[in-house]
Amino acid sequence: MFFQNIMIYLFSLLLIPLIVYFLLIYIRLRYSNNSNNQIKTIGLTTLIINLILSMIIFILFDFSSKQFQLQLEEIYKISYFDLYLGIDGISIYFLLLTTMIMPISLVANWNSIDSKNVLSFVIIILLLETLLLAVFLVLDILLFYIFFESILPPLFLLIGLFGSSDKVRASFYLFLYTLLGSLFMLLSIITMSSIMGATAFDALSKANFSYITQLFLFYGIFISFAVKTPTIFLNTWLLKAHVESPLAGSVILAGIVWKLRWYGIFRLIIPLLPKASMDYTYIVYVIGVITIFYTSFSTLRTIAIKELIAYSSVSHAAVYLLSAFSNTIQGIEGAIALGLAHGFVSSGLFICVGGILYDRSSTRLITYYRGMAQLMPIFCILFLYITLGNCGSPLTLNFIGEFMSLYGIFERISVLGVLASTSIVFSAAYTIFMFNRIAFGGQFSSYFFNYVKDLSKREFILLISLVVPAVFFGIYPAVILDGLHYSVSGLIYN
């Protein structure tokens, strides 16, 4: 009976944080004094419970099937649709990534949130996890859009309340750019619903839209995802959002939120619009290659470390975008592996720069750093592992993801595959430069003093929890690739 009801775990992933929301309000009202540690502990415990639940779901999941599993149907009927939940061999990995990154984001800001705003911060984190998980769990395209856009208000508040000096402008940039871009996707969803009379993924996957209809739907959905990924000419909001965001915001943005757009490609474009996605791949590839070159050159010239990491993330996102449209098993599996690796590595880089180093120096300019290996040797060792992961070095999951992604791109359009492979050279150039300047570069800067401490226990746990999966899955990628094979095959050949 226990195993027959495991689909309840999916609903529990969404319900538990909402229950804790009211519990936290009660604690604040009942224990008004000295309850901040209790609030943070309860929030962290909730996130860890969700992580354990997602691991149980992963263990019980049947990877030999390409169908949605553990489906929980008709939880609640809402006027035009029912709430359907389910997972497949693709969404389960993003589910795990979300439940791993969210507790890390909370612990990353454990000591840096003003005592008056701890309750608001924890509630926003819990609400974000609920909405993020809902995007990966729902089996309805309209619900996908609703939860997809519902993430914007909590992110707006997270940056607007807890960000840096220009936080208000950054939060409005993020909100307005991404919201306006989503209008194109909403129009596409309304069109599909009016044609088919249904919004469930299963029903829409059986649709045979005309070529002209597919073309308009493709451009509508792709423009929305291109704004949110972001790609060239549509990335104005990116630097503001990352630079002004609190550490937790940067970790969530790069580690999870970007994956929603990539995941949407596998749900809305490739299976529902196969002809348009095949015929107009070259447009996506040209945009992706231009994005790689633009962001790589921008990264090479910046002196702000947080901007460097943000541009680096866009460059890797462009490789992911190209491989997602490769229409090959190797390319799509590589894209998903690269997305997971990017979640670990980009989160680690932001914690190293926006958290550990910034807490000790109050600056993010690379010109102030050198010789940190003399002061913080343990930090520099873990920082090195994360840096090598960002370069796509062997024995890291990034290497597996980038190699398979570039192979898929080359199989699809060889010339653009060769151009896309320059991302490896560029990423090595700016990432190794960043590490060399921070860790070595001679005697440590007079900007720092001899009493600068190495990693605390909290910081060490944060970094090691990101380094271990990135290295483990790089050495043994079969855990991911074997599980993806059936679902990716069904995505391409159905």
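For all residues, glycine too, the Cβ spot is worked out from N, Cα and C.
Given the structure is predicted, the values throughout are model-derived calculations rather than measurements.
Annotation source Swiss-Prot lists transmembrane segment at 6-26, 41-61, 87-107, 118-138, 141-161, 172-192, 246-266, 280-300, 302-322, 336-356, 415-435, 460-480 (among others), citing sequence analysis.
Residues 215, 218, 222, 226, 231-232, 235, 307-308, 311-312, 314-315, 317-319, 321-322, 325-327, 409, 412-413, 416, 419-420, 422-423, 426-427, 429-430, 433 of the same chain lie 6 or more positions beyond the ends of the transmembrane segment (280-300) yet place their CB under 8 Å from a CB of it. For the transmembrane segment (460-480), the residues of the chain that approach it from at least six positions outside its boundaries are 93, 100, 104, 107-108, 336-337, 340-341, 344-345, 347-348, 351-352, 355, 378-379, 382-383, 385-386, 389, 394-400, judged by C-beta separation under 8 angstroms.
In this chain, the transmembrane segment (172-192) does not touch the transmembrane segment (246-266); fewer than three CB pairs sit within less than 8 A of each other, excluding pairs fewer than 6 residues apart.
In summary, the transmembrane segment (87-107) lies against the transmembrane segment (336-356): three or more C-beta pairs, each 6 or more positions apart in sequence, are under 8 Å.
Between the transmembrane segment (118-138) and the transmembrane segment (41-61) there are 3 or more Cβ pairs closer than 8 Å, counting only residues 6 or more apart in sequence, so the two stretches are in contact. Distant neighbours of the transmembrane segment (41-61): 3, 6, 9-10, 12-13, 16-17, 20, 23-24, 27, 69-70, 87, 89, 92, 95-96, 98-100, 102-103, 106-107, 122, 125-126, 129, 133, 483; these residues of the same chain sit at least 6 beyond its ends, with a Cβ under 8 Å from one of its Cβ atoms. Remote same-chain partners of the transmembrane segment (336-356), defined as residues 6 or more beyond its termini with a Cβ less than 8 Å from a stretch Cβ, comprise 90, 93-94, 97, 101, 104-105, 108, 112, 242, 247, 250-251, 254-256, 258-259, 262, 305-306, 309, 312-313, 316-317, 319-320, 323, 364, 379, 382-383, 386-387, 389-390, 396-398, 400-402, 404-405, 455, 459, 462-463, 466-467, 469-470, 473-474, 477, 480-481, 484, 488.
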